[in-house]
Protein chains: 2
Amino acid sequence: MAKKNAFYAQSGGVTAVINASACGVIETARKHKKDIGKVYAGHNGIIGALREELIDTSKETAKTIAALRHTPSGAFGSCRYKLKSLEENRAEYERLIEVFKAHNIGYFFYNGGGDSADTCLKISQLSETMGYPIQAIHVPKTVDNDLPFTDNCPGFGSVAKYVSVSIKEAALDVASMCDSSTKVFILEVMGRHAGWIAGASGLAAQEEGDAPHIILFPEIAFDKAKFLKKVKATVKKHGYCAIVASEGAQYKDGRFLADSGQVDAFGHTQLGGVAPTLATMIKDELGYKYHWAVADYLQRAARHIASATDVEQAYAVGQAAVEMALAGKNAVMPGIVRGKGKRYSWTIQESPLEKIANVEKMMPRDYISRDGFSITEKGRAYFEPLIQGEDYPPYKNGIPQYARLKKVMVPKQLKIPFKV
Amino acid sequence: MAKKNAFYAQSGGVTAVINASACGVIETARKHKKDIGKVYAGHNGIIGALREELIDTSKETAKTIAALRHTPSGAFGSCRYKLKSLEENRAEYERLIEVFKAHNIGYFFYNGGGDSADTCLKISQLSETMGYPIQAIHVPKTVDNDLPFTDNCPGFGSVAKYVSVSIKEAALDVASMCDSSTKVFILEVMGRHAGWIAGASGLAAQEEGDAPHIILFPEIAFDKAKFLKKVKATVKKHGYCAIVASEGAQYKDGRFLADSGQVDAFGHTQLGGVAPTLATMIKDELGYKYHWAVADYLQRAARHIASATDVEQAYAVGQAAVEMALAGKNAVMPGIVRGKGKRYSWTIQESPLEKIANVEKMMPRDYISRDGFSITEKGRAYFEPLIQGEDYPPYKNGIPQYARLKKVMVPKQLKIPFKV
């Protein structure tokens, strides 16, 4: 059998360590040159395959590929694009096969979350459905930490570290000023559906009285009176109150706090965040001076404060994906399995994609305290190992030196462009 | 002459390195025990002196004091409180002298910005105006970088590093998603009166096309049409546009962009930031999908990514302040002087406080490009040395270990409390 090339692509919201997975895939493939030809990376995810826009990673030096390990975001470009079913859009699948054929692609590595697992699963079925032989392996990635069959998702540990370090630092700021100035600080973090990220910020509290004093989870219906009472009591006790609010914090009826009915001077709905909404509420009801921050992309791009554990795991799932392909696997995902011992350990294990695609893993209720404002010891025990270790990028002139790819495109073989 | 004690206090908005200055003051004073007695730190700045709330730093171990060097924010508490003039509030000065006398204080170190320099100057005049012998030395600190007679202000370099690292990372995120998702990202940074912090973010751009593509300075009147044209052109050229906006960005008539006349459902003025205001503007006029972040306190508390140069300078001005006191100086401030050579170097030099208090140093116009959207080579040459080097705090369980003080209070000597 002629040696096949591999296709690798990044999908969905990027993370601080998705490129570490790319590094794991490419470096491992390079070690098996007699079995795997070239690794072509999709320019902007699966869209790159549809458009026949393939980046030839063999044109990048070993040094550049190694630098991917410490480079945040998606170096090859990512996308938000979900393949429809075969029945709904057969043309897309036919196009993919054309492109794969034209470039002799026999391995498909897709690096993404739940939606992407679905795309990967559909590709894995091409042998059966369309008669095109391909092995598709899903490489897990998502700051949302909501994939099943993996103890945690690469990308999450680094966001967790960022938010816990950030709330710790900002809270020290507020603590030092609260006597005559700001008394309440609110940090808004990601997590529209689940409170994994907000919950991880609880790691900042290492001693009694430490911030965050209040965490707002999407899982716990927001109760304004109870919240304000807690804020007031905290300010009374500690002099200040540091809050971490998930962007998905919501009322009992499912209405997001951020959707506060605010309008601008022209009557447009104001797309305000949770943090300013809470700040205004606190000011109006309790009169405290406040500050708020919205971390947004900073949190998931913050490679400068990545978790070393997260980086290692991101690399490892990339490496394992290639090894699974070499072992003849298809329609699987390498997941992280936590060891049973008291000391944290982890291994990689494969799981079937059909059980993973489109399944969202929610945070267990018992990770959240009874009053709904903090994490339990059980939650802490889950989160803590994931932020262990620092893995600093190299700096030049005070700025991190992230990989800059040449991105040499593979010459197109097909005559007809495909519109996506 | 009996050995005198020293009073040290932190004032105004805190920084990632103000405690490094405290460390410089205390460690240096400890080296001169035959000349300086104990160092008493004001609890919450000058308010601590007025209330006779003094923290006995001699009760802290050498290890804890050393840890201040890597601990952000004001470990002894800071305040926003400016002494009135002697004529306006003589009682305050009489109280200070009572407290100083009761605790045998002969040295006064005040760690702050322009307003604090004014307080320090007034204290330095107590010998003359009230007959109480004291030497007052101002220790410079402010993220605003607006003190005169110093090339830069301790605290600024670390914010500068934070914002340039953050916009670099977030821009990589946007770049990787822009084909099918977010095209514009806006990071709001501090600087109500001057664009020093916004300007420093320009360091993130190390090659043609790098972010930030647009910087909005308070010094440059905001021109909506010109701004939107630049955003559009940038998206056209690079596929995305990363913007850093100073919170002080304003229209020609001095109206802040953040003050956009937005009202909530109850008719209250919406205290929105510049970033969401610009985001809404871009969405309405150009239709681009956007994201925005407001760094707020995160930027000035971010000790985890402090500039090593900044940390060294913060320590050095603390050390120099004590040495100046020992040399018999009064009403002076140790400032940073930049060497003339091509390679960055700096020394400490004293300047008279009367020339410093209440004077704001503005950013030179020639640090900003002609079109007003970026920094010039001259600006870059100024900013770049200030973010050099990384000075990481120690970590435990994935979280930075910042100093925890015992804060043993000096027993009060005075019968009558003083209301502040």
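Any Cβ shown, glycine's included, is placed from N, Cα and C.
Source: prediction; values computed, not measured.
Per TrEMBL, the feature domain 'Phosphofructokinase' maps to A:9-324.
In the three-state DSSP scheme, A:GLY13 (diphosphate binding site) is classed as coil. Note: A:GLY13 (diphosphate binding site) has non-local neighbours A:SER78, A:ARG80, A:GLY113, A:THR142, A:VAL143, A:ASP144, A:ARG300, i.e. same-chain residues 6+ apart with C-beta under 8 A of its own C-beta. Taken from TrEMBL, the feature diphosphate binding site applies to A:GLY13.
Among the features that TrEMBL reports, site 'Important for catalytic activity and substrate specificity' is placed at A:ASP115. In three-state terms derived from DSSP, A:ASP115 (site 'Important for catalytic activity and substrate specificity') belongs to a helical segment.
Summarising the annotation, TrEMBL assigns site 'Important for catalytic activity' to A:LYS141. The DSSP secondary structure for A:LYS141 (site 'Important for catalytic activity') is coil. When Cβ atoms from all protein chains are considered, those within 10 Å of A:LYS141 (site 'Important for catalytic activity') total 32, not counting its own.
According to TrEMBL, the feature substrate binding site maps to A:THR142, A:VAL143, A:ASP144, A:MET190, A:GLY191, A:ARG192, A:GLU247, A:TYR297, A:LEU298, A:GLN299, A:ARG300. All chains included, 25 other C-beta atoms sit within 10 angstroms of the C-beta of A:ASP144 (substrate binding site).
Sequence annotations record features per position, and here TrEMBL assigns active site, proton acceptor to A:ASP144.
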Q) For substrate, with binders A:THR142, A:VAL143, A:ASP144, A:MET190, A:GLY191, A:ARG192, A:GLU247, A:TYR297, A:LEU298, A:GLN299, A:ARG300, what's the maximum Cα separation in whole Å? A) 16
Q) Over the domain 'Phosphofructokinase' (A:9-324), what is the model's mean pLDDT? A) 94
Q) DSSP on A:ARG300 (substrate binding site), three-state: which is it? A) helix
Q) Over all shown protein chains, what is the count of other CB atoms within 10 A of the CB belonging to A:ASP115 (site 'Important for catalytic activity and substrate specificity')? A) 17
(Q) Quick test of understanding: given the recorded positions A:GLY13, A:ASP115, A:ASP144, A:GLY191, A:GLU247, name the ones whose C-beta is under 8 angstroms from chain B. (A) A:GLY13
Q: Return the residues near A:LEU298 (substrate binding site), defined as same-chain residues 6+ apart in sequence whose C-beta is under 8 angstroms from its C-beta, sorted by sequence, else 'none'.
A: A:TYR162
Q: Mind giving me a neighbour count for A:ARG300 (substrate binding site)? Other Cβ atoms within 10 Å of its Cβ, every protein chain shown.
A: 30
Q: Would you count the other CB atoms within 10 A of the CB of A:GLU247 (substrate binding site), including those on all shown protein chains?
A: 24
Q. Once near-sequence residues are set aside, which residues in the chain of A:GLY191 (substrate binding site), 6 or more away, have Cβ atoms under 8 Å from its Cβ?
A. A:ASP144, A:ILE197, A:ALA198, A:PRO218, A:SER246, A:GLU247, A:GLY248
